[in-house]
Amino acid sequence: LVPESSLFMHQSEDYETEVYPVSFTTEEMDATHKQLKDGLFLKQPDWTEYYVNIMRFVNFTSIHLRGCENLLENQPLMSRMRGMGFDIVLTDPFFPCGALVGNIFSIPVVNFLRGLPCGLDMKVNKCPSPPSYIPVPYSGNTNIMTFPQRVINMAMTVVESYQCSLLYGHYDEMVSKYVGNNMDYRTLLSHGALWLIRNEFTLDWPRPLLPNMVLIGGINCAEKKKNASLPADLEEFVQGSGDDGFIIFTLGSMLPDMPQEKAQHFLDAFRQIPQRVVWRYAGDPPKGLPKNVRLMKWLPQKELLAHPKAKLFLTHGGSHSVYEGICNAVPMLMFPLFAEQGDNGLRMVTRGAAETLNIYDVTSDNLLAALNKILKNKSYKEKITEMSQIHHDRPVAPLDLAIFWTEFVIRHKGASHLRVAAHELNWIQYHSLDVFGFILLILLTVLWVTLKCCLFCTRRCCRRGTAKTKSE
């Protein structure tokens, strides 16, 4: 299902698509997207803008919720789909459309995702997340924390709960409208049959998982080939780099360009290195383009990373790009912009396979220093090669694993046997507070009885002593 107005979703010859009308235009979507990304190159976000950024995100998601309503209110399309007898809904739970369709059609839902804001994917699955060693997103902590860091991490769990209520309040309204029974988005998501999570522990910190959560990090990777299939002119350009090799630079599909002043900082640094640079840049070409830099509105990222002459990957740190870098053992210089990208950068830096720079204060000098540091220090290549070997050393490839479990849910019409009983417990029962209370009551009762017995015995002894004294 594809909305007729979309920035990134389009029809494809590889599968059948159904385009449904929506009440907004692509221009409106582009405007909300622009509002979300404006300012990324200007200054570092601070705590004073925390609420403002959340509201921008809410505005960004609101237009997609309108699209969900347009789909659910399209009775001819919904009736036709119901009659087609679908076996499963495969959806990204970032928006509620897929989960709502699955509930309305009474068919299993398989969620396909990297993660949800404020860790909602873990919360709705009742997956244990002890703050003592699992860092809260955006906290800047690793899985090994000092006492002050654990205090901050614990405090941020409270902030995270507040963030959840802001982000998903309008989701709850939509779920209540179309499902009823006072159901909220958390409850709806908790009935998902399976969760295909685009992550795994080569990149992520070790943590508990539940049986209905399957890690498929690297599903988008292409196997590294000695002769990557590149267009002839691009192959000639990268081969011309000689032993120095070339650099791939892209900030993802959401940011195809940047302010001219910022672009000049990159060009000033690139002209001082011997490597050639392939840069995905869809804006107006910057002035004074060096001979070793080639701009492309679109570039074959997988094939370039798989090329034997690829030396460095300049990326925003999105999970797809990071895993493609890991799969092909290419060190990274990361410019985290939003979402999980900062945490991805922290993980890669901690593992010694990357460095990070802030896009808003990058200059030609600090960029050149970072480029030379990674290109001239062999440890980055050694670390990313080790990560790549670990990532590939698995019994089942991520794509095959995702296919198996999706077909499993289809064959068995769900996976209810993987759903933990924690969903049936309230907060007090889940944390065994009623058990602790019962044990405490028993202990207090025993203590009270013991105390009463001691007092009784003491009084009896005192009375006997008094009677004996009087008789004497």
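Keep in mind that glycine also has a Cβ here, set from the backbone N, Cα and C atoms.
The N-linked glycosylation site annotation in Swiss-Prot covers Asn59, Asn227, Asn377, and the record cites sequence analysis as its basis. What Swiss-Prot lists as transmembrane segment is 436-456.
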CB contacts for Asn59 (N-linked glycosylation site) [other CB atoms within 10 A, all chains]: 12
Around the Cβ of Asn377 (N-linked glycosylation site), the count of other Cβ atoms that are within 10 Å: 13
Cα separation, Asn377 (N-linked glycosylation site) to Asn59 (N-linked glycosylation site) (Å, whole number): 44
